[in-house]
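Annotated features, as they stand in Swiss-Prot:
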type	residues	note
SIGNAL	1-19	signal peptide
DISULFID	Cys20-Cys25	disulfide bond
MOD_RES	Gly28	glycine amide
DISULFID	Cys41-Cys85	disulfide bond
DISULFID	Cys44-Cys58	disulfide bond
DISULFID	Cys52-Cys75	disulfide bond
DISULFID	Cys59-Cys65	disulfide bond
DISULFID	Cys92-Cys105	disulfide bond
DISULFID	Cys99-Cys117	disulfide bond
DISULFID	Cys106-Cys111	disulfide bond
Amino acid sequence: MTGAAVSVCLLYALSVCSACYISNCPIGGKRSIMDAPQRKCMSCGPGEQGRCFGPSICCGKDVGCWMGSPETAHCMEENYLPTPCQVGGRPCGSDTVRCASPGVCCDSEGCSADQSCFAEEEGDNQIGQSEGSNSADVILRLLHLADHTPPHRVHQ
């Protein structure tokens with residue numbers, strides 16, 4: 001074989017195999033990340049009452065959710081830690097989406113309103129129905145308004 005053919009074969013083999021390189025290998029090799037115990041995601045928000053759901057999302061059961069605000073700045077550090085974290089709450093969609101706050105379902109990309117996240121709150125909380133539903137209704141209305149706002153306003 002010629003040198004060019006050997007080079008092409010080598011480059012093809014290199015692109016097909018899945019290797020981790022020195023700059024992005026986890027400690028212990030690429031398979032060690034699967035064996036590592038999952039840890040809770042970092043706490044965030046006022047009084048550290050919330051948990052990070054993504055680099056700019058902080059949610060807590062009693063405090064609601066923040067997205068892209070100063071309360072979420074601490075969550076950026078999660079990107080630099082070598083082991084993955086597991087957020088609390090029960091699944092409310094796919095494997096990566098979890099109940100973050102009463103009526104709110106989040107993953108690392110964003111949040112949405114989800115009625116199934118109220119069931120967890122009702123079972124855990126013994127306060128009156130009207131007291132718990134008022135804050136949940138406000139959250140749902142805010143999420144609803146955020147989903148339906150136009151991308152820009154046309155001034156007349």
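Numbers run from 1 along the shown chain.
Just so it is clear, glycine is given a Cβ too, placed from its N, Cα and C backbone atoms.
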Within 10 Å of Cys105 (disulfide bond) by C-alpha distance: pick out those among the disulfide-bonded residues Cys41, Cys52, Cys75, Cys99, Cys117, and say none if nothing qualifies.
Cys99, Cys117
Cβ-Cβ under 8 Å from Cys75 (disulfide bond), same chain, 6 or more residues apart: which ones?
Met42, Cys44, Cys52, Phe53, Gly54, Pro55, Ser56, Ile57, Cys58
Listed disulfide-bonded residues are Cys41, Cys65, Cys85, Cys99, Cys106, Cys117; which of them have CA atoms within 10 A of the CA of Cys92 (disulfide bond)?
Cys99, Cys106, Cys117
Can you name the residues of this chain that are 6 or more positions from Cys117 (disulfide bond) yet have a C-beta less than 8 Å from its C-beta?
Gly89, Cys92, Cys99, Ala100, Ser101, Pro102, Gly103, Val104, Cys105
Whose Cβ, among the disulfide-bonded residues Cys44, Cys59, has more other Cβ atoms within 10 Å than any of the rest?
Cys59
Counting other Cβ atoms within 10 Å of each residue's Cβ, which of the disulfide-bonded residues Cys52, Cys65, Cys85, Cys105, Cys111 comes out lowest?
Cys85
Measure from the CA atom of Cys111 (disulfide bond) to the CA atom of Cys85 (disulfide bond) and give the result in Å, rounded to a whole number.
18
For each of Cys92, Cys106, count the other CB atoms within 10 A of its CB; which of these disulfide-bonded residues has the top count?
Cys106
Which has the fewest other Cβ atoms within 10 Å: Cys41, Cys58, Cys99, the disulfide-bonded residues listed?
Cys41
